[in-house]
Amino acid sequence: MASVEKEPGDDVTQVTKKREYKEFGHDEVEGTKALVDMSTIELKAEDLYDREKVDLETIVIEDVFKLLQCDENGLTQSEVERRLGLFGPNKIEVEEQNAFLQFLSFMWNPLSWVMEAAALVSIALSNGEGQPPDWEDFVGIVLLLLVNSGIGFYEERNAGNAVKALMDSLAPKAKVRRDGNWIEIEAANLVPGDMISFKIGDIVPADCRLTEAINVSIDQAALTGESLPVNKNAADQCLSGSTCKQGEAEGVVISTGANTFFGRAASLVGQDDDTTGHLQKILAQIGSFCLVTIGIFVLAEIFVLYAGFRYRYRRGLDNILVLLIGGIPIAMPTVLSVTLAVGAQQLAKYKAIVTRITAIEELAGVTILCSDKTGTLTTNKLTIDRATIRTYGPFSAEDVILLAAYASRTENQDAIDASVIQALGDPARARAGIKLLDFKPFNPVDKRTEITYREESTGKLKRVTKGMTSKIIDLCSRNKTEDVENRLEADVVEFASRGLRSLAVAYEEVDGDDPEAEGNGLELIGLLSIHDPPREDTKQTIDDAIALGVRVKMVTGDQLAIAKETGRRLGLGDHMYPAKVLKDGPAPDSKHATLDDMIMDADGFAGVFPEHKYEIVRRLQALGHLCAMTGDGANDAPALSRANVGIAVEGATDAARGAADIVLTEPGLSTIVHAIRQSRIIFQRMRNYSIYACAVTIRIVVAFAILAFTYKLDFPPFMILIIALLNDGTIMTLSVDRVLPSMTPDSWDLAEIFSFAVAYGIYLTASTVALVVIILETNFFQDKFGVTLEPFTPAANNPQLHMILYLQVAIISQALIFVTRSHGFFFMERPSTALMVAFCIAQLISSIIAGFGDWGFTKIHSISGGWIGIVWVWNIVWFIPLDWIKFAMKATVIKSLRERREAKVAAEAARGKVPITRTQSRAASIHESMYSNRVSFIRRAANRVGLGKVSVKPEELQRFGSIQAQRVGATLARNPSRTA
């Protein structure tokens, strides 16, 4: 398009080509009219939810006032009170749970149910046949349950509440016009229709539409992920929780509390509270294995002992109690909790605070790390990119930066001025050697700054201006040739394609001493590019994560060009998509058949809103991946909450910290690599314990069932309880055991765990049964070692035999942990000092009990030192082959399982399916949900008995324009003002 322009300093009119510089920025949206009759305001539901008729983000401001029934003089106090009753306070309600019921919820899972049943058996069902209740077993079982629930309750109550953090991050104060006067109130008392004002440094207290805006720039990075402050004009929308970086404004509140953009971001935080976490699901499956094993042998004992042997009622119950108490790994949640808690303390050394300790286990299996860009991968601080500075005159790049710094504020700076001053290195240079005569700050019309100064060394007056490229080049007259304009246009297009903001700089000299006089013509001297640079350690962190088998994807609210440029600089790649593909799906000619394929293949996504981040994480989890998410803003909170592991980086908002599972307290992401390695160490400890616990269940249940069937042996339940207590005390030290982390993501291969457990359990069962057979069927030990047993009929229920059996089971069961914790021979991997000391103390206690225990309430009697020595030697002989059993299992059964699994994955990949290699999270079955610490049953009970706080669940995160403000209009229409 040609136009006639008169250049400054020219006496002739010339025809020039008006260039359109495609600079990087935001598209402006023109106001629209609501396609409804605004004179009645009685909108129907179909009108309120139809964006084609009403969109409070874009309709003209006059219609906003009509819809919300207010004006620029503000609301009256009586109307405010009415609206507070309709819409509630401008804060996010916190859902609280009764502490007592929360404590009880930790006893609500099948493992606890079996132990609770055992307690009832010992205290109620055992009361009969002239014998008192089994108080000793009852007290011991209840003590185990209380300790386990107490630890879980303590962790839960101290984990913090994400929604409370979101609420606390709302602006505490607000300036509002009420009854025609400006006053300061608590931000929680704002209502839709209020007139508010804010200035530089203030936090916007509620979603609003601006009525007046004087040079306003808003930082909404924590909400939308945009790294650059956004200029706002009258009629624009400002979001609650954003920060005013420049200027001052007035506006009308369109939504408050949970209905704001900020509040909707909070709505998904904690949404999954009623589902089962990953570790709970694993516990459910391990618990099911133990329950099935116990159930089979309990049923067998019922048939054999009662139907076959015609046992009396009480005698049979004692045998069943042995299986229940000895077989259930009731301390498993407690042992794993202690292991995780110690791991959390170790992570704190790397400046990582763990707010949900089960996240440590999930971090070990994370295969994909989704990371926000702004403030996480980058510094969230605008910077001049020196490597890309373009010059168009006799000035060097350093000269251009210095002159641009002259044309910048040195106090009360906006983000761009601050970046230019910072580029100097020494801020004092921005005014060194010059005398300021006149300064014109940035304004939305001129879109540039200008300084006129006297150079002290020469005494000459000079002028520099910097700003939007199209504005600056229009002012230039001295060197605006076709060649310069072509170069400038090409440079601006290149910067825009790379997501860099252009900042043009021009210079002229002024004759005379009048700072307001015209100069000799502005000359374009340079073009600066501004960007949000990556953190120094980010690239190394990403490389380290990839080396550990974790794939990194960028998920940012910033624009696509910026995301691609950041991806290239970090080595992530620039294969990224805009957020709209998450709704539209892959294009018809795309190489991706499904949206899931596209998400897996992408290096990242740009222009996303909170619900997009949430959806990406959800889909990755549905594909079988354990997903971690890093972020720093309120817009990241839903995804941080949804992810298996949410990580809030240093400097994150309260919203992000509250929703995250791990909070970093030092800048950068390098701590994440330390956390991944540490979590894999913790995972190995838990896996070792799981094999051990399942093996002990099998050896106790199978061994004592066989002895009961073969010799009618009635082992005292209380001694099984002692074994369980000593074992659990020793196993607690696994939390600090020495293990090596794996170099690939860990996963719970339960088939391998159960296979090892069965092999170990059957072998240890053989060691126990063989010892009893030799003692009862032969006189081998009596003849060879001169030991004796006091006569007792029947011999199988000799109290001394029970003590021998107790000692044998106690010693070799604990010794098994040295085999399960090692990958090679047990003596090749040194255990921790704590484990060795605990083992020795437990065995000393067991030996002392064997030598001196003579308790009348249970069927045991002390044995001689000779028998104690025989048991120790017997266990040592049987312990040595355990390593060979482990090696044999790896070479046969385990190898076969892995080959079968790999073949299945390959077959699925050949059919074009995405193989599910990880246990899906956040999608629990009915059975698995029983292991949730916050079960729906407990919550319903709390509400029914009046102990819980009844609250409305937050809606799913949606962003249908300004639907929350439309609801305000609908509510007001249904409840007209009493004064109207």
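Each Cβ is built from the backbone N, Cα and C atoms, and glycine gets one as well.
Feature annotations, courtesy of TrEMBL:
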- 55-127: domain 'Cation-transporting P-type ATPase N-terminal' (DOMAIN)
- 286-308: transmembrane segment (TRANSMEM)
- 320-342: transmembrane segment (TRANSMEM)
- 689-711: transmembrane segment (TRANSMEM)
- 717-736: transmembrane segment (TRANSMEM)
- 757-781: transmembrane segment (TRANSMEM)
- 832-853: transmembrane segment (TRANSMEM)
- 865-885: transmembrane segment (TRANSMEM)
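Panel annotation: around the transmembrane segment (320-342), residues 106, 111-112, 114-115, 117-118, 121-122, 126, 134, 137, 141, 144-145, 147-148, 151-152, 155, 279, 283, 286-287, 290-291, 293-294, 297-298, 301-302, 357-358, 360-361, 682, 685-686, 689-690, 693-694, 696-697, 700-701, 704-705, 715, 717, 720-721, 723-724, 728, 731-732, 734-736 of the same chain, lying at least six beyond its termini, place a Cβ under 8 Å from a Cβ of the stretch.
By number of Cβ pairs under 8 Å, the transmembrane segment (717-736) is matched best by 832-853 from the list 286-308, 689-711, 832-853, 865-885. Two recorded stretches are said to be in contact when at least 3 C-beta pairs lie under 8 angstroms, sequence spacing 6 or more; the transmembrane segment (865-885) and the transmembrane segment (757-781) meet this definition. Looking at the domain 'Cation-transporting P-type ATPase N-terminal' (55-127) alone, the prediction's average pLDDT is 76.
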